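First the structure, which I've put down as structure tokens, then a few questions once you've had a look.
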Amino acid sequence: MFSAEGMQISPDKTNVVRDWPLPTTTQHIRQVLGLCNYFIDYSEHYAEIAAPLSALQSVKVNFMWTLEHQTAFEALKKAIISAPVLATFDPDNYIYVYTDASGYAMSGWLGQPPNRQPLPLPLPKLITEMKALPALKPVLFFSRKMLPAETRYPVHKQELLALVKFLCGNRLYLINRPFTAFINHKSLIHLQEQPYLSKRQASWVELLQEFDFKVEYLPGRWNTVADILSRTPAYAP
């Protein structure tokens, strides 16, 4: 979507956050807060807004959903998919893509640095020395439930599928622009060098060759946002 302010993101690119189901367990609360925590630097009054939900994380508190919790939940979702948290896509800025697969759903998001400074790469040599990855501003999100046949794919094939679906679904922003894709399965880094690929994998690799990107390995514990989005309660079996 283009406007006088530049390339705006279509509302359907943030539906996974906007339509996040109501938390019904402590684990669901932790997922919501985990997603928000990543973008805390860009969200004003975050701690104040999140306080009612944070209190529900305690094992000493009975999980009882009230209007106060509902209000906080809706406010946090709105904060993530609105300015100043959600960024307008900048075609001249660095582009970073994160994808993940959980076994029953796949997800991804596109982020850009707020100061137009690139992330320190390669991450594997630096990541153990860092308490947290440099924060990126989110531009768009993606998540969908896997088809029954896809849930039976081996993990590396599910991870590859998540990457393919994300790139092809966001072709408008990525085609003819260099970017970095982070994945948490090392075998995908050297995918094109493997001596044998199944027919399906070969067709996926052919699709990926349309894009100008490099792949970086990112341990799962650092792929916070994509991991949470792929485990939304809405898709849980």
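Backbone N, Cα and C atoms are what each Cβ position is placed from, and that goes for glycine too.
Keep in mind it's a predicted model, so treat the numbers as computed, not measured.
Not my notes, these are from TrEMBL:
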DOMAIN    90-211  domain 'Reverse transcriptase RNase H-like'
Summarise the domain 'Reverse transcriptase RNase H-like' (90-211) by DSSP state, stating how many residues are helix, strand and coil.
41 helix, 28 strand, 53 coil
Where does the mean pLDDT land for the domain 'Reverse transcriptase RNase H-like' (90-211)?
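Computed over the domain 'Reverse transcriptase RNase H-like' (90-211), the mean pLDDT is 84 on the 0 to 100 scale.
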